[in-house]
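S.K.: What TrEMBL records for this protein is below:
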type     : residues : note
COMPBIAS : 18-32    : compositional bias 'Basic and acidic residues'
REGION   : 1-34     : region 'Disordered'
TRANSMEM : 52-73    : transmembrane segment
TRANSMEM : 161-178  : transmembrane segment
TRANSMEM : 184-202  : transmembrane segment
TRANSMEM : 269-287  : transmembrane segment
TRANSMEM : 316-337  : transmembrane segment
TRANSMEM : 349-370  : transmembrane segment
TRANSMEM : 422-441  : transmembrane segment
TRANSMEM : 466-483  : transmembrane segment
TRANSMEM : 489-511  : transmembrane segment
TRANSMEM : 523-542  : transmembrane segment
């Protein structure tokens, strides 16, 4: 008993020393122990600060270098600084030039308020139609860019076009920085961020469309989504302190709302994210409160978006809103049961079913009572895409023929494999997914999760941020396997997830724990591999791809389109200011951008009326009579018709996908001389061919006023002679 009381008595005396002997001994012990507690925290703090400082510096530098690279490549590709304004505007290829035209309109307006009013009550773009261009085309980026340009006095320093593309390139730099930070947060090392950036740039053909069309909405919106994902990753981490959690929450709130304002399809991407969080929460990872805080951010963003987007009904019938309302309803009425019991497991299944059923029901009810035009043509497109329906409709078949809406090509997977991205992504995804399934089965069997996960545990599947990214990546990947255009949403996160896994000691430890290595300690081997693998991959990528990137910057390319330049110049000089032009939607978008003249249609696919207009105007390439074409054009008050030789004599695309073939199918005419009982021969020749010959009755309706190698411009006669 005396031996047992000794330590307790000594401990009490250390707490309250009464004798000088005890004081001296305590003082000596304190002096002896002083260096360890004082030096260790200083060293740890310095090491942590240095690591964070170097990582942040690398992240910011990577973003800036990528933005500068895009600017230099753009200059080399188009000789942008050596061109006139008209030639610069023509370089905005694709359908997105129409967005930049409204940026020009805002700068020409006498005041910002007047410019906004003219865009929201726009009757100078499409004939016989007044549109709210801000709402219909999500022109908030152009409003912000024009306001910044005028407020900062940049008109005395830089040209408007350079300011515009500079903002977009800067956002791409933020995009890369956000991916860097996300991979860094997941792996714990900024080497993962460097590898993410390297893979992103090397595979930029499949990660971004910035090179092809700068003003696209996704180029403005996705950088904000990447910031939101980075903030969400930090927010889901279990070892985050209160200040870090608050910062991540505020950043996530701001980026979610901004993302929703920048892109009309943003709520669909957030819907996939909400599904990922719902599944994460269903795995009983004790994140219910955090996940529901994210749901509140969705609700707040939808509410603000609805108000500031002119009461956009598309947000009310969004599946995101239906899912969040269902989740909160079930959460409110959820019973609190003891974890691991049979009743709790049954309740989990019932709650899952209730959320799914209630979300679908709410969405159907909302669509019944809320007037909306929520992309009904896209639902029809998906029905035809998956073989649930057949159609001869021109618009549906034209969409099906677009390369971006088809399944990914073999070249896509080959490019990802050549850069070593796809093999490492598959390896990382398999390990994380199997570890996640292990966690689920452990929870089903009643095992409790550890409060803190150490490297020696080898349980990467217990980290909530990892599980979220695995689920989200699988969802995005599944969609990308169906529609190639969605690869631009998926591939950047493939780069991030693969880089995280390669650089994560925890992932390698998880793998080696499964393999039960005996010769080498799993943790030691994991630490070695997490440093060696990114170094080897980085050196191989540098050796193979860095010379190619430098060659792209040194090679002088040239964008040469003299026929389009001549056409735009003729319109500016010869056509009346009040003239209305008719032609293909893509060309009409270029005319609106380069000349400002009114057109009959636009390259927009979210409006049923514009889609119908596009189909009707495309009839100039069908086998219809001159009188039919004349009636169609005059119904839209068109004064000039532009026939494109590239569409009229199109031969390059796959059979059955040429515009004229799709029109023949829609009109019930024989295509490519095929023998089909349902198709008939037209008694009229193809209009775009016949009108060039200048014989009656075509000359009675149309008079050719300009032509070059690519375009034929016809004035639509107002006084018609029907004599042959």
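Numbers here mean position along the shown chain, with the first residue as 1.
Heads up, the Cβ atoms here are built off N, Cα and C, so glycines get one too.
Unlike curated entries, TrEMBL annotations are predicted automatically.
Thinking about packing and proximity, how do these listed features fit into the structure?
M.R.: Same-chain residues lying 6+ beyond the ends of the transmembrane segment (52-73) with a Cβ under 8 Å from its Cβ atoms: 165-166, 169-170, 172-177, 180-181, 184, 190, 193-194, 197, 201, 210-211, 549, 552-553.
Listed as Cβ neighbours of the transmembrane segment (161-178) (distance under 8 Å, sequence separation of 6 or more from its ends, same chain) are residues 59-60, 62-64, 66-67, 70-71, 74, 85, 88-89, 100, 103, 145, 148-149, 154, 197, 200-201, 208, 210, 214-215, 219-220, 222-223, 226-227, 229-230, 492.
Outside the transmembrane segment (184-202) by six or more residues, the chain places 51, 54-55, 58-59, 62, 66, 69, 176, 230, 233-234, 237, 419, 421, 465-466, 469, 492, 495-496, 498-505, 530-531, 534, 537-538, 541, 545, 549 with a CB less than 8 A from a CB of the stretch.
For the transmembrane segment (269-287), the list of distant contacts is 225, 229, 232, 236, 256, 259-260, 294-295, 298, 301, 318-320, 323-324, 327, 339, 348, 352, 355, 436, 439-440, 443, 449, 462, 464, 467-468, 471-472, 475-476, 479, 489: same-chain residues at least six beyond its ends, Cβ to Cβ under 8 Å.
With a cut-off of 8 Å between Cβ atoms, the residues of this chain six or more beyond the transmembrane segment (316-337) that come close are 267-268, 270-271, 274-275, 278, 288, 292, 295, 298-299, 302, 306, 343-344, 347, 351, 354-356, 358-360, 362-363, 366-367, 370, 372, 374.
Here the transmembrane segment (466-483) has Cβ contacts under 8 Å with residues 186, 232-233, 236, 272-273, 275-277, 279-280, 283, 285, 385, 404-408, 429, 432-433, 436, 439, 460, 489-491, 493-494, 496-497, 500 of the same chain, all six or more residues outside its ends.
Proximity of distant same-chain residues to the transmembrane segment (523-542), defined by a Cβ-Cβ separation under 8 Å and at least 6 residues beyond the stretch ends, is recorded for 187, 189, 191-192, 194-195, 198-199, 202, 419-420, 424, 455-456, 499, 502-509, 512, 517.
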S.K.: In the same chain, who gets a Cβ under 8 Å from the transmembrane segment (349-370) while lying at least 6 residues past its ends?
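M.R.: Cβ under 8 Å, 6 or more out: 278, 282, 313, 316-317, 319, 321-323, 325-327, 329-330, 334.
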S.K.: Using a Cβ cut-off under 8 Å, which residues of the same chain at least 6 positions beyond either end of the transmembrane segment (489-511) come close to it?
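M.R.: Result: 175, 179, 182-183, 186-189, 191-193, 195-196, 199-200, 203, 206-208, 222, 226, 229, 269, 416, 421-422, 424-425, 427-429, 431-432, 435, 453, 455-461, 463, 469-470, 472-473, 476-477, 479-480, 522-523, 525-527, 529-530, 533-534, 537.
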